[in-house]
């Protein structure tokens, strides 16, 4: 299906020449999908592949958005694009295409020239497939950023309805984010132009992570204010609200919300780390590719960590200030705001008081509501004021001086009950509270939060056994409480605790983060072989990084003096030649 007025193309070499010209005119011409769509499809495919290995029936991805693939790719607008390496992102069923299955690769005869040992590698997902996904997903990401800029940021009606401070709150340093992505994508494109058999991309990732990706940190830290001010502006600014509704309803946005574009940078830097991780799992050991992958992964991990810590610090400080305003101390005042303190869990429970006899158990007066604020190093036991806006502090205790005792279910009156012991409260004396929760999961969550080391064995990934239960996330979940864990589709987690009423506590394999989430958003990985493979891949990454720590630290100390010699971006060379 030739493109109108396109040159005659008889060989893969002609294809590459043709694509080179196309890519120079548009960096993301080959991204037929917005990043939100690409990311969802990629994660769904990862879930389906794991299901196949686990022997489970696959749900199938179906056909959506009018996308068909044959000799060309039909995009929603009806434009036909040639099935070249950089353009053919998807195969039938709207799943992401492997590099080895692309028509340009098949026609090149490259696979037939491989040795038997090399050919055996192409039966599954390879490091080149992983590199190819990194490139194509970056193109899709840049396409979404362009839409954010052109459709929203450059809309005169929307911008004139905002003050300069509101524009800064909403869009932050998105212009710097776009420049970083444009440079990165340009270098990735030039690498693909060099050869059908992609040599490496992690050296490019490392260079850009060191030089340019620091802009992600500023953007992500600002997201605390971004979300807060977006809600405020929607409520207060009628003109903005009407303009936003009109823009979100236009076809080019494909039903996506404005906020789904605002969170793209944080989603991308996190996903980029996982994509490099996938490359590291597949590359041959003790090679330059492995060294580059390890360095890129470590640098991205550092950036993601700074993003997370910066955002958490801002959010936690805001939360502490908000909580302190609601507290009224009955006797001894406790300073709540501290740089080393954050909220772990809060909520209402029932305190059981009075003689524990059969007669008094029947009295509803036995139960008195109290409200707990549990921080990482402090517990406040409070009581709501009559208007519900203030909390009177009744008692406090250092978290290290807390102990819990689980009580057996002794009928309805003692269902979901546990004992909380303060070894040394605010009056320097021991005291016990018999507490009742609303469900079994809530009881277990309080016990785990109050005394984690005594209730749950928090094992590191390296100490988990292959038979330890694992689940994969099949539906994204955003944490609603401080003790919950936000998880994304295709995340794999070890299960540390589970309840009979639908909750699990898990540890995510790729970063060790822990928290609670509902069982409905995950499915268990049944195959011991798949669980063992997940564990081996995770351990390989840890071991590979461990072996490179010393060298990477030394490189990072002098990185600005040495990295240019390791990798010189094509776009810089071109600029120098033009000058």
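Including glycine, each Cβ sits where the backbone N, Cα and C put it.
Curation does not apply to TrEMBL; its annotations are automatic.
As recorded in TrEMBL, the features of this protein are as follows:
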- 45-54: compositional bias 'Basic and acidic residues' (COMPBIAS)
- 542-555: compositional bias 'Low complexity' (COMPBIAS)
- 570-579: compositional bias 'Polar residues' (COMPBIAS)
- 126-310: domain 'DH' (DOMAIN)
- 342-455: domain 'PH' (DOMAIN)
- 466-527: domain 'SH3' (DOMAIN)
- 45-67: region 'Disordered' (REGION)
- 542-579: region 'Disordered' (REGION)
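Taken through DSSP, the domain 'PH' (342-455) splits into 28 helix, 52 strand, 34 coil. In the domain 'SH3' (466-527), the DSSP tally of helix, strand and coil residues is 3 helix, 28 strand, 31 coil. Here the compositional bias 'Basic and acidic residues' (45-54) is broken down by DSSP into helix, strand and coil counts: 9 helix, 0 strand, 1 coil.
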